[in-house]
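Record features, source TrEMBL:
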SIGNAL    1-22  signal peptide
DOMAIN    25-140  domain 'L,D-TPase catalytic'
ACT_SITE  His96  active site, proton donor/acceptor
ACT_SITE  Cys112  active site, nucleophile
Amino acid sequence: MSSFRWLLGVVIVFVFTSVASAETITARVSLATQTMYVYIGDTLMHTWPVSTARPGYKTPPGSYEPYLLNKNHRSRIYDNAPMPYAIFFLRGYAVHGTTARKALGRRASHGCVRLLTENAQMLFMLVQQYGKQSTRIIIEP
C-alpha cells in the first residue's frame, strides 16, 4: 500500500509539473496605451501600467524570448540606476522595476519597459517558475 501511495505521488507531481512546463508566459506591452498584459497560457492574469521610451529614445517593437534575469541589476549606461527584477529581452533592453510611480502610464524611459517594482517582481518570479524558454515578451506599437 505504501509503495502505491509513493507511485501515486510521483505520478501526480509529474502530471502537474508537465502541465506547468507546457504553459507559456506572455508579457504583451502596448506602446500606444503604455500597458502590459500578462498571460499564463491563454488566460489574462495581470494588467499593469508601464513606462516605455520617451521621445528621442526607442522601445523596439517585436517578439522576444528573455535571455537574462538579474534580480539586483544596475545600469552601466545611466548612472548606476537601479533596475530591480530585470528581465533582459534584447541587448540593452529589459523589463524592470522602478520607483518612478508617477511616470507609469506615460513614456518616460530610455527604452526599457518599467513596471512598479512589485509587479516586476511578480513577472520575474513567473519567468523563473515557467522558464525563459517558455516566456515571450511582445512589444506592440
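Just so it is clear, glycine is given a Cβ too, placed from its N, Cα and C backbone atoms.
Curation plays no part in TrEMBL annotations; they are all automatic predictions.
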Review point. Distance between Cys112 (active site, nucleophile) and His96 (active site, proton donor/acceptor) at the Cα atoms, whole Å?
Key: 8
Exercise for review: Pull the DSSP breakdown for the domain 'L,D-TPase catalytic' (25-140) and write it out as helix, strand, coil residue counts.
Suggested key: 20 helix, 57 strand, 39 coil
Revision key, fill the gap. Residues near the residue listed as 'active site, proton donor/acceptor' by Cβ (under 8 Å) yet at least 6 apart in sequence within the same chain, in sequence order, are His73, Met83, Pro84, Tyr85, Ala86, Ile87, Cys112, Val113, Arg114, Leu115, Ala120
Practice item. Quick one: give me the count of other CB atoms within 10 A of the CB of Cys112 (active site, nucleophile). Key: 26
